[in-house]
Ligand SMILES: *Cc1c(COP(=O)(O)O)cnc(C)c1O
């Protein structure tokens, strides 16, 4: 008898779905959400906006989401307009549409590992061959090494992630310049955490004029505290936006999503007011973890990657036992923790201090 597994595309057999554990623990610092709930004034306006479209839900929404895209362009600035901005259900859908249009069977995508784990997963789902590009030992990308890898693999799509998840550091401008020069195809800079970058960090948006193969993706899931709404977007040349129309599903963004996102964007200033506090908590974790003798990667994001753990799995488990869920990103010896509220960070620091103190001296490795 034919099993479902026999019917599945051979290139998908044996793969596992994306799966950050959604455990029911008091302190959840594992998926880089913004821990601060929406302020009342913003919530009230979103409720009003949703109410205003409910009776029209018998009709399909604006397929082009033109109003929302104009609002996103205005938020980004840099002279962008509707023709250069595209939106979808999370930046994951944006990335999927990019690979549906520019990747696919017979095509190659390359990213520099460790980076966002969804890049290779979406590549696989779209039948795009994935190449694991290499970073240096300190997680940095060396420009010459990057150019050599691109020359070797001639990828149709290169993924860069800045600030990089899971390491946290923003891309060096010279790396982006070299990659843009070396890459024969699309260069996608995933800027999901751009709003948390340290002062002086330049967004790839500044490089867009005149570079039609550069794509910058953003999301409202992190700094905007809007992960549950699912709204991601990109800025690129109008030709890229046009190409995505060939693969996007008609009416992919519901009228509810469009209305909620526009109402939220009208309060961008209020929503982003938690960013400074989150950065303070991030920097507090960097200082405290360093004080525990653990190596910490410099962070431009709302999370911190720390190492020096002989058995990072066991440390992760001990933290869960203490009610604190952080992320095992599959990097031996390292764990990633989101910068939450002051109370959540207190809970994490108390727990990690106890866990590290209980480690056998030879095992702390730091
Ligand atoms: C969280 C994250 C995203 C966001 O995905 P959404 O689908 O917009 O929620 C995108 N890229 C990176 C690197 C991320 O860490």
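Glycine too: its Cβ is placed from the backbone N, Cα and C atoms.
Pulled from TrEMBL, these are the features on record:
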COMPBIAS  1-14  compositional bias 'Basic and acidic residues'
DOMAIN    27-352  domain 'Aminotransferase class I/classII large'
MOD_RES   222  N6-(pyridoxal phosphate)lysine
REGION    1-26  region 'Disordered'
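Counting residues of the compositional bias 'Basic and acidic residues' (1-14) by DSSP class, helix then strand then coil, yields 7 helix, 0 strand, 7 coil. Predicted-model confidence for the domain 'Aminotransferase class I/classII large' (27-352) is 97, expressed as mean pLDDT. When secondary structure is read from DSSP and collapsed to three states, residue 222 (N6-(pyridoxal phosphate)lysine) falls in the coil class.
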